[in-house]
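*Asks:* My structure is below; once you've seen it, I'll send some questions.
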Amino acid sequence: MSTLHLIDHPLVQHKLTLMRRKEASTNSFRRMLGELSTLMAYEITRDMPLQDIEIETPLETMTGKVIDGKKLVLVSILRAGNGFLDGMLNVVPGARIGHIGLYRDPETLQPVEYYFKMPSEMEERDVLVVDPMLATGNSAAAAVARLKQLNPKSIKFMCLLAAPEGVATMQKAHPDVDIYTAAVDRQLDAHGYILPGLGDAGDRIFGTK
């Protein structure tokens with residue numbers, strides 16, 4: 001069974017509460033999402049492998065540590081996942097970026113893929129899939145299944161909010177993929193939105209309706 005990691009740092013919880021407010025502007029919502037993704041990135045990357053290298057300081061030679069292996073790949077589930085990227089890149093500026101375009105059929109709530117573009121050498125890379133909301137879990141599960149066809153070294157999933165239903169879907173479909181979230185909310189409504197949630201993350205990031 002995959003592990004659910006709740007990132008409950010006080011700054012994360014503070015900013016998340018401010019983002020949830022219906023009166024939060026597009027600008028403030030977008031800014032706080034970037035700040036949150038930076039904070040969450042520290043937790044998610046704490047187990048990245050390291051290797052020793054010899055370097056010269058201004059005073060002497062020493063052995064230091066750097067991230068081992070190929071660059072991390074951040075995979076955004078379009079379009080809302082893009083809101084995470086700038087904040088994540090503050091922490092891992094050398095990361096490669098992939099995109100998966102999925103939309104949720106309003107009748108079946110099942111994902112339909114319309115775009116898929118990844119960096120090269122995926123089999124040598126660790127992957128972090130990002131999407132602000134883990135609602136039904138169908139889109140996240142479909143994205144991970146598609147990525148597994150490329151045989152990456154590992155896959156993690158990061159979201160801002162999760163519903164219990166979405167967590168259950170992901171854990172059943174992909175028990176090997178850890179989930180990182182700032183909160184697990186109460187439930188989904190009849191339309192597949194998270195309650196109490198924060199509304200449609202994509203609309204709030206981009207100022208659309």
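Using the three backbone atoms N, Cα and C, a Cβ is placed for every residue, glycine included.
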*Asks:* In Swiss-Prot, the 5-phospho-alpha-D-ribose 1-diphosphate site includes Arg104, Asp131, Pro132, Met133, Leu134, Ala135, Thr136, Gly137, Asn138, Ser139, Asp200. Which of Arg31, Arg46, Arg79 does it also list there?
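*Replies:* Matched candidate out of Arg31, Arg46, Arg79, per Swiss-Prot for 5-phospho-alpha-D-ribose 1-diphosphate with Arg104, Asp131, Pro132, Met133, Leu134, Ala135, Thr136, Gly137, Asn138, Ser139, Asp200: Arg79.
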*Asks:* In DSSP terms, helix, strand or coil for Gly137 (5-phospho-alpha-D-ribose 1-diphosphate binding site)?
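*Replies:* For Gly137 (5-phospho-alpha-D-ribose 1-diphosphate binding site) - judged by DSSP and reduced to three states - the answer is coil.
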*Asks:* Between the Cα atoms of Gly199 (uracil binding site) and Arg79 (5-phospho-alpha-D-ribose 1-diphosphate binding site), find the distance and write it as a whole number of Å.
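*Replies:* Per the Cα atoms, Gly199 (uracil binding site) and Arg79 (5-phospho-alpha-D-ribose 1-diphosphate binding site) stand 15 Å apart.
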*Asks:* Under a three-state reading of DSSP, tell me whether Gly199 (uracil binding site) is helix, strand or coil.
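*Replies:* Note: Gly199 (uracil binding site) is coil by DSSP, not helix or strand.
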*Asks:* So how many other Cβ atoms are close to Asp200 (uracil binding site), meaning within 10 Å of its Cβ?
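*Replies:* Step by step: centre on the Cβ of Asp200 (uracil binding site), count other Cβ atoms within 10 Å, giving 15.
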